[in-house]
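Here's what TrEMBL has on this protein:
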type: TRANSMEM; residues: A:35-52; note: transmembrane segment
type: TRANSMEM; residues: A:73-106; note: transmembrane segment
type: TRANSMEM; residues: A:112-131; note: transmembrane segment
type: TRANSMEM; residues: A:138-162; note: transmembrane segment
type: TRANSMEM; residues: A:193-212; note: transmembrane segment
type: TRANSMEM; residues: A:224-248; note: transmembrane segment
type: TRANSMEM; residues: A:254-272; note: transmembrane segment
type: TRANSMEM; residues: A:304-323; note: transmembrane segment
type: TRANSMEM; residues: A:329-351; note: transmembrane segment
type: TRANSMEM; residues: A:358-378; note: transmembrane segment
type: TRANSMEM; residues: A:384-402; note: transmembrane segment
Amino acid sequence: MSTDTNLAPAMPSGEQARIPLSQRLSGLGGNARQYGIFAALIVIILLFQGLTDGRLLKPDNVVSLFQQNAYVMVLAIGMVMVIVAGHIDLSVGSVVALVGGIVALSITDWGLPWWVAVLLGVAIGAVVGAWQGFWIAYVGIPAFIVTLAGMLIFRGLALVVVSQTIRVNDDNFNSIVSGSLPNFLGFSGDMDVVTLVIGALTIAAFAIAQFRARMQLRKHDLHVEALGLFIAKLVGVAVAVGFLSVLLSLSAGGMPIILVIVGVLIVAYTFLMGRTVFGRHIYAVGGNRPAASLSGVRTKRVDFMIFVNIGALAGVAAIITTARGGAAVAAAGQNFELDAIAACFIGGAAVTGGIGRISGAIVGALIMGVLNMGLSIMSVDPSWQQAIKGLVLLFAVAFDLINKRRAGTS
Amino acid sequence: MSAVDPAQVGDFTDQQHDDVEQVITMSTSPVPLLSMRGISKNFGAVEALAGVDLDVFAHEVVALVGDNGAGKSTLAKVIAGAHTPDSGLIEIAGEPTSIPTPSAARTLGVATVFQDLALCDNLDVTSNLFLGREVKRGGLRDDGYMEATARRVLQALNSRIPSVRTPLSTLSAGQRQAVAIARTLIGEPRIVVLDEPTAALSVGQTAEVLTHIERLRELGLAVILISHNMTDVRAVSDRIVVLRHGRNNGTFDAATTSHEAVLAAITGATVRSTPRLHALR
């Protein structure tokens, strides 16, 4: 906390007051949108917490929220990169079915160890992605058409591979989704200590990363968020993560393995998009493809790589889906592409490309997940659930658009 | 939004000036920095360039003028490496060379601002300046270094950009042009090609861009300015090279040549001054 006192003198309240409000808000820039989506998630959680008489946030329900929605989050990570680059991928659901079928076969019929099957699944996903990436990047066929074709091709192949349900009776494999981290640190009261430690480490890592980013900005004399807002953000995240860890630690198993996997993917891809040259090039390609190309960005390679990437992530989603069901079916992954696309757009990605964030897509996926779970707990008819989710998608994007227009005119 | 903090404008110190001078090392030899001989380029049956010659020296702004379809932009794209000429010789600082790709042009010290600004609206100023040539440290982007350089380059141009983290979408047309010109200064260029930099700009913004062009000359670069606007051309250029139907149609000294003589060369009119040409002004 000593860092607070270091920061305080650089931000005297007098200086703060001189800046007109409009400028301060515009200084908030893209962050405002980001905070908005987090706020929406919290509102929806609180709403359903009330509507379900507190059942939504029962520890075991929170665990199954992550288990049920892990595939959307994994796919949304890949999808937001595709959307930022100005493309779309309609094939991920079919790829999930195909890869899921091959992974299940490789364990049951070919006798591969579960971890080899997992690697194989990711690799096949990447190969499928390379196939689609080739047509999109190097032949120049619009992604919409290539992946629409892919949707048919891979669903067809999935039906060939999985003629009937393939059961997977490998506990190691199935525990990828159903399992929890072993609680080798014991319990504190009813709480699993491993979960609490992971939560504490997450908060610490987030705070350190934020402080370092802020120091970096300050070192280069760049605009930083108001100190109050910065602290509010840290406290907000600490409370949210802390609360979540306590909930999870009270669940039957403790820390779900799947949440660790998804968490690692989120951090890795946020880093890739935010801090690497490749990430910057994805945004550039989506923002102005000819300009990026003239500037020396290898746009074709970028296009190719993001489709290889979403293919590999579809492989991960296939493993998750198969492990969760304990079986592969040819109909697996139905509408997964739509879930992932919806998550991205709720999370603030732009249809025109160039704009979108991993964190936004994840929050978008969580909003859809909480809606699903809340409505299910309230035993709302599934048909109505679908209609409600559709409306939420429409309103979220409309709200975003109206906000942007207002910001543009002021 | 458009209010500019006075503290951020115009405090361009001599020290910073020296820094930039050091970044952009110049050769001030009598040999032209860029010399093109007999450049031809056909697009199918269309003869875009037919044996064009062009010399540009350091510390010089050469205006390339001509009517629509005279081949100005094609010549610019040849210099930028976006088009390969069908025939002709290119020498840079006396060395015979070829410019097959935009990145080859960049290595040779040729920087181009294209007519349709090659900028990404969704990225900030720094990202645009370094797009395609990001500076890395330990495999990651060195954002701190790039931002510091971006600020120095913008200051060298006396440009009024509020912050190097401003997204391009919030900048005015003039500011974007400034970013596009500043982009050329990244990576030690010797020759800068500006294709219609003042098209679609307001009077004030045009004046600002013209000052930036003068700054490029002061920094010792060879500047090729392509423009339709004779007023702009006469305001900043040292020499005026006229193209007509893909051929050279006269080179004029900007300080001494009359407006009418240049216009006549552009339109192909043999008579020097007619009332109709005045009306064209």
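Along the chain as shown, the residues are counted starting at 1.
Glycine too: its Cβ is placed from the backbone N, Cα and C atoms.
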Query raised in the report: Taking pairs 6 or more apart in sequence, does the count of Cβ pairs under 8 Å between the transmembrane segment (A:112-131) and the transmembrane segment (A:358-378) hit 3 or more?
Result: no
Requested in this report: Could you tell me what the rest of the chain brings near the transmembrane segment (A:138-162), counting residues at least six beyond its ends with Cβ under 8 Å?
Outcome: 82, 87-91, 93-95, 97-98, 100-102, 104-105, 128, 131-132, 300, 304, 307, 328-330, 332, 337
Report task. Counting only CB pairs under 8 A, let me know which of A:35-52, A:329-351, A:384-402 has the most with the transmembrane segment (A:304-323). Result -> A:329-351
Requested in this report: Flag the pair the transmembrane segment (A:329-351) / the transmembrane segment (A:358-378) as in contact if three or more Cβ pairs fall under 8 Å (sequence separation 6 or more).
Outcome: yes
Report task. Return the stretch with the most CB pairs under 8 A relative to the transmembrane segment (A:384-402), choosing among A:73-106, A:224-248, A:358-378. Result -> A:358-378
